[in-house]
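J.: According to TrEMBL, the feature transmembrane segment maps to A:12-33, A:54-80, A:100-121, A:133-152, A:184-202, A:209-232, A:238-258. Sequence annotations record features per position, and here TrEMBL assigns domain 'ABC transmembrane type-1' to A:56-259.
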Amino acid sequence: MKRNVLPGLPLSLGVTLFYVGLIVVLPLAALVFKAASLGPEDYWRIVSSARALASYRVTVLSALGATLFNLFFGLALAWVLMRYRFPGRRIVDAMVDLPFALPTAVAGISLTALFATNGWFGSILDDFGIKVAYTPLGIMIAMCFTSLPFIVRTVQPVLEDLDPALEEAAQSLGGSDWEIFRKVILPLLAPALLAGLSLSFARCLGEFGAIIFIAGNQPMSTEITALLIFIRLEEYDYAAAAAIASVLLLTAFAMLAVTNWMQARALRYTARN
Amino acid sequence: MKIRLDHVVKTFETFRAVRDVSLTIESGELVALLGPSGSGKTTILRMVAGLEYADGGHIYFGDQDATDIPVRDRGVGFVFQHYALFPHMTVAENIAFGMKVSKVKREKAAIDARVAELLRLVRLEGLGDRFPAQISGGQRQRVALARALAVDPKVLLLDEPFGALDANVRRDLRRWLREIHSELGITTLFVTHDQEEALDLADRVVILKDGHIVQQGTPEEVCRDPQSSFVMKFLGDANVIAAEVRDGKAYASGAAIEVSGLADGKAELYARPADLDWSLQGPGIPASITRVLDRPDGRRVLATAETGEHLEFDVEPERTVKAGDGGFVTLRRAKVFAIG
């Protein structure tokens, strides 16, 4: 038998598989099981109720908006952090992780305080007739905040490994800056961008703490799906909560599958014969 | 296109990479910039390309001052040390890149035809659909060359073109690059730290040290007439023997050789391994053999002179020499440089 560097492989394999089963697979299975305890008709009635549909709508649209924003801003931030040396760069770099570290409720409260109509930002925006707190825009901002690190942190290492000679080669062949970015840099960043995108989107779908403070939580307009699940739980309607949760679960699965497939496509050049 | 560097200077932070280099490369010439690492050879190449800007001096392409023309408008073909092929593009797409981004718009059919022509030139027909990760190092090198040639450059610049390849591939590609150069007649400048490569390939070799040119000339000129001990040592194996010059002759423990143009005084005598021979009778440098290395084309003998100097020389394969033998090292020819 081949000797492994780390001893006790069968034991550690067993322990980790057991742990993954216990912590990840079992709860998900329980969720599906609970949802399945409803009959098909009840299940369909709950997941397609007007209030549930409205919550999917606001959750998915806000998540899309936030992810798209982070795609541009996160890429720009990663670019600046990797390509420029400026005073305070390391502080900015460290602050990118803050949304990971901060309790999301804290983020929610501070965002609400800022964007409420009497807050620092909110009062200025209010003069232009823009309302952020207690609107879908507020949900989007909360989502942007909590999911910002994903794109930055997935793109950064790839950007760092990017051989500067590739850009120089493209320049020497007569490429303009925009052409080099679009035809050389962007395709090479695409797999990392997609990975960051899917993580960011998944996080937005499931975000709860940061949003409920700023969203206003009006059923049919600013009530996110995660909150609706929570409300059903509070009403001891476990089956309904599980049913709605299963929709989120499916969406997340589908999203990961699609991005994995796109990533594989974008990476096909690395395949050897 | 004739290239002329006129008193070019480049400093990185505090490091003076290139100090006052003037150099002319005639149209159609194949020139090697040869030097140890840190000698400024790559910096010179990058300044000619426009990837680096000179702090002082001028670079002329023909009669045009190209010093401040950015790389994308300079019309050079640059082959990078590690090729810098775009990994997400196929071989054909890599070669076509320069034509696609060119300000001169071309029909797709014209681009395809040119790509096919270049693939033929670099002998990679049928590999156009592969990705760089799917071909060998030597093939990548040829793709890089085809990509650089695709934009019809006025000048071809190569940075350590064979550095990353193994010895056999290197020799083949060297011969092949020489053929391509004769076929296209494009002015070519390449950087190398490998003397053999520079001497085999170039019409003219420019030897650099610490950011300035120490000697330039045809391979014959620099090999037969090295102007300094640095060039002598850098171009190949050399034995260094302490000597003294008196009345037009250099004496080194038992051996003597005619020299001209050197004042009397202490000097160093440089001899290639092939310039020395082994003899059982004098006159010569008394020495004893410490080791014999057998090689396909002869025997390399390592000996220690009575004065303590280590000497290396080659003898014919038939010669019976062995470690421990005593005798004399004789001089066929040598170069003598005054010390200081």
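The backbone N, Cα and C atoms fix where each Cβ goes, glycine too.
Small disclaimer: the values here were computed from a predicted structure and weren't measured.
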J.: What stretch, picked from A:12-33, A:54-80, A:100-121, A:133-152, A:238-258, has the most CB pairs under 8 A with the transmembrane segment (A:184-202)?
T.: A:54-80
J.: Taking contact to mean three or more C-beta pairs under 8 angstroms, with sequence separation of 6 or more, is the transmembrane segment (A:238-258) in contact with the transmembrane segment (A:12-33)?
T.: yes
J.: Excluding the flanking five residues on each side, which residues at least 6 beyond the ends of the transmembrane segment (A:209-232) place their CB within less than 8 Å of a CB in that stretch?
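T.: Those are 50-52, 54-56, 58-59, 62, 103-105, 107-109, 111-112, 115, 132-136, 138-139, 141-143, 145-146, 238, 240-241, 244-245, 247-248, in sequence order.
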J.: I need to check the long-range neighbours of the transmembrane segment (A:133-152): which residues 6 or more away from its ends have a CB within less than 8 Å of a CB in the stretch?
T.: 58-59, 61-63, 65-67, 69-71, 73-75, 77-78, 81, 96-97, 99-100, 104, 107-108, 111-112, 115-117, 119, 122, 193, 196-197, 199-201, 203-204, 207, 210-211, 213-216, 218, 221-222, 224
